Amino acid sequence: GMKDGQKITFHEEGDQVPGLEPGDIIIVLDQKEHPVFRRSGDDLIVKREISLADALCGCRQVIRTLDNRTLLISSQPGDVIRPGDFKCVPNEGMPVYRSPFQKGKLILQFQVKFPEPGWLPTDRLRQLQAFFPPQEEVMATEETEEVELSDYTSQGGPGRRPYTGEAYHEDDIEDGSRQHVQCQTS
């Protein structure tokens, strides 16, 4: 249950030379990264990926703990797990310092894996849609322009265009001078 950077001191256990008071031995803990678990105080956090069906209908997963026990973790059917949701198992985290029978929580952060495009034939989508609450009806007016979504790939971040250089070629400028337009400020 000790934490990163915590010190263990052995008083007067250092070099013992006749005629001199022995020094202390101080050990400073250096916590290493774990490939599965991340520590947050006395809690352990683990990321788990589940299918959309498991997120909607309940799931069962096995987790091997740091002390090599196997936990079967389950969610109830109808208890919807959303992408990024956190759930926990009490008393399955790290031992509390100087209270070895008390433990923190095992926190699960869920990532929901959605099906690939085209996984369900278009003619069956209406059947699937019947299981969900009705969609909000959207009315288009004469001023409404209808557009379709397409996949987005980031190139320099949202709202930014990738730099492609000047709108003109440098060889087109004979005297080497450039003029810059500035935005007006008030």
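Numbers here mean position along the shown chain, with the first residue as 1.
Cβ atoms here come from the backbone N, Cα and C positions, even for glycine.
Keep in mind that TrEMBL annotations are predicted by a computer and have not been checked by a curator.
The following features are taken from TrEMBL:
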type	residues	note
DOMAIN	1-115	domain 'Chaperone DnaJ C-terminal'
COMPBIAS	139-149	compositional bias 'Acidic residues'
REGION	139-186	region 'Disordered'
COMPBIAS	167-178	compositional bias 'Basic and acidic residues'
* What average pLDDT is reported by the model for the domain 'Chaperone DnaJ C-terminal' (1-115)? -> 89
* Structure fact -> The DSSP breakdown of the compositional bias 'Acidic residues' (139-149) into helix, strand and coil residues is 0 helix, 0 strand, 11 coil
* Asked: By DSSP, what is the split of the domain 'Chaperone DnaJ C-terminal' (1-115) into helix, strand and coil residues?
  -> 6 helix, 50 strand, 59 coil
